[in-house]
Amino acid sequence: EISCEPGTTFQDKCNTCRCGKDGKSAAGCTLKACPQ
C-alpha cells in the first residue's frame, strides 16, 4: 500500500516514483535495475 502526497516524488528502492493524484498509487517510476 503506497501512501504519498499527490504530485510529489518518492523513492522506491533505487528508483524515483511520482505520486498519483489519489495519493495511493505511483503515476510513474524510473525503471533502473536496482542492485540486490
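Cβ atoms are placed via backbone N, Cα and C, with glycine included.
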Practice item. Please name the cysteine among Cys4, Cys14 that Swiss-Prot pairs with Cys34 through a disulfide bond. Key: Cys14
Check your understanding: Which of Cys4, Cys17 is the other half of the disulfide bond that Swiss-Prot records for Cys29?
Key -> Cys17
Review point. So which of the disulfide-bonded residues is most packed in, judged by how many other Cβ atoms lie within 10 Å of its Cβ, out of Cys19, Cys29, Cys34?
Key: Cys19
Point to revise | Cys4 (disulfide bond) versus Cys14 (disulfide bond) - Cα distance in angstrom | key: 17
Review point. Restricting to the same chain and to residues at least six past its boundaries, which positions have a Cβ under 8 Å from a Cβ of the domain 'Pacifastin' (1-36)?
Key: none
Exercise for review: Fewest other Cβ atoms within 10 Å: which of the disulfide-bonded residues Cys4, Cys14 wins that one? Let me know.
Suggested key: Cys14
